[in-house]
Every structure is written in structure tokens, then in C-alpha cells.
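Chemist: There's a structure below that I have some questions on.
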Amino acid sequence: MSIADNLLKYKNEIESQGVKLVAVSKNHPAEAVMEAYEAGQRVFGENLVQEMVDKQAQLPADIEWHLIGHLQTNKVKYIAPFVKLIESVDSLKLLKEIDKQAAKHKRVIDCLLQIYIADEESKFGLGFDEAIELLRSEEFEAMKNVRIIGLMGIATNTAQEKQTIAEFNELKVLFDGVKVSFFRKADSFKEISMGMSADYKLAIAEGSTMVRIGSNIFGKRVIKHWKNKE
Ligand SMILES: *Cc1c(COP(=O)(O)O)cnc(C)c1O
């Protein structure tokens, strides 16, 4: 199946359930993104700043770019002019920098707090307590140029469905608690980004509002070393 065929299949299946599809185009060339774009996709996810910046410059301006990978504070400035959603905010320090760079461009940048739900050491993210602490902080309170619209999480890469379901459920329960405690009146706080190619069905069943799908749409990742790789 072509990229366009795959895209339409997943887009229809996912969006008919009221869930947003983020097409993860990391490690695939701009032409692959363009093929999905021409099939109707507008929301793309990238995990490297340089790769996103390069593609953004070459591709149509109405694409919504989501940064989904770990973001270093010194790179925020490169994406601040255009990024639609930063899904991977994993520290107060990073959020402060996003706020600062967004102000320079007179923007408010939407963000998700990435929450650590996996049973793996390599995954970035805030612990539950750290997320609450961030939301309670006076520093966060003072920020004018970021808006937190939800939470993101990556489940453990495992064939044990019970574990995956339990991890997604933890994120949903945390989301509900944070909503009541901090965003009761903010309609914009409504996103739970969870689910990838292997586990998106389980994620949707547990309350995901946004899934990030790469290999199911684009196939195996082809670019091994993006130029200026981080
Ligand atoms: C690569 C990546 C995805 C997509 O993974 P697939 O298994 O190819 O669908 C989703 N989320 C994040 C954070 C990623 O880095």
C-alpha cells in the first residue's frame, strides 16, 4: 500500500472515533510528507528540531507541526516561530524557555506535559508529583506565552496488553485529576496524546484524544542520519 492509502485508512479509522491523527514523519523525506499532505493530512509529528525546521521550510505553510521528541532548551528558538504544539514538555526549565521564545514572536505556544508512564529507563517525562509541582509553581502561574492543553505519554514497548492498558489508564486518571484541580474552567485543556502504531487501539479505548502514528503510515524509517543530527 502507498503512503496515501495507508494515511486514508488510519485517518478514517481514527478520526471517525473523534480522535486526532498526528502523522509521525520523522526519518522520512519531505516527499513522503507531501504524499500524505496531498491525501489530506495536515498534522505531522517530528522528534528532531533540525529535521522539523528543514521540512517546514520546504513544505506547505498550513501544516501543523508537533514536536514529539525530547527538546533541549537551546533549540526552542528554532521552532518557536511556527510550531503548533510541543507535546514533550518534560521540565519547568524547558517550559520557561518556550514561554520566553514565544513572547519574542508574540505568540502563545500550546504545550502538553509529557508524563512518565512506562516501565523503561530510557523514556523522558515528568513523574506525577513533578507535574503537579510544576502546575502549582508561581513560575508557571506567571507565564503568559504558553498554554498547557493536555498530557502526553509513551507506554512501555511490550507485548503485554494488560500492562499497556494499565499505563494508558494511569495517564487518563492523572489527566482527570489535573483537569479538576488546575483547569476546571479551561476548555482548552482537553488533550491526552497517547498511542502509537503498535498500541493506538488500546490507547483510544482508554481515552486518548490524539494518537501519534509513524510506521503504519510511512513504513520503515528510511533516513538513518539526518544532516546536523542532534
Ligand atoms: C516515533 C514516535 C512515534 C511513532 O512511532 P510508530 O511506532 O512508528 O508509530 C510516536 N511517538 C513518539 C514520541 C515517537 O518518537
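Cβ from N, Cα, C; glycine included.
Automated prediction, rather than curation, is the source of TrEMBL annotations.
Residues or ranges marked as domain 'Alanine racemase N-terminal' by TrEMBL: 3-220. Taken from TrEMBL, the feature N6-(pyridoxal phosphate)lysine applies to Lys26.
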Chemist: What average pLDDT is reported by the model for the domain 'Alanine racemase N-terminal' (3-220)?
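Modeler: Mean pLDDT across the domain 'Alanine racemase N-terminal' (3-220) comes out at 97.
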Chemist: Within its own chain, what residues at least 6 apart in sequence put their Cβ under 8 Å from the Cβ of Lys26 (N6-(pyridoxal phosphate)lysine), listed in sequence order?
Modeler: Gly45, Glu46, Asn47, Leu48, Glu51, Ile68, Gly69, Gly214, Arg221
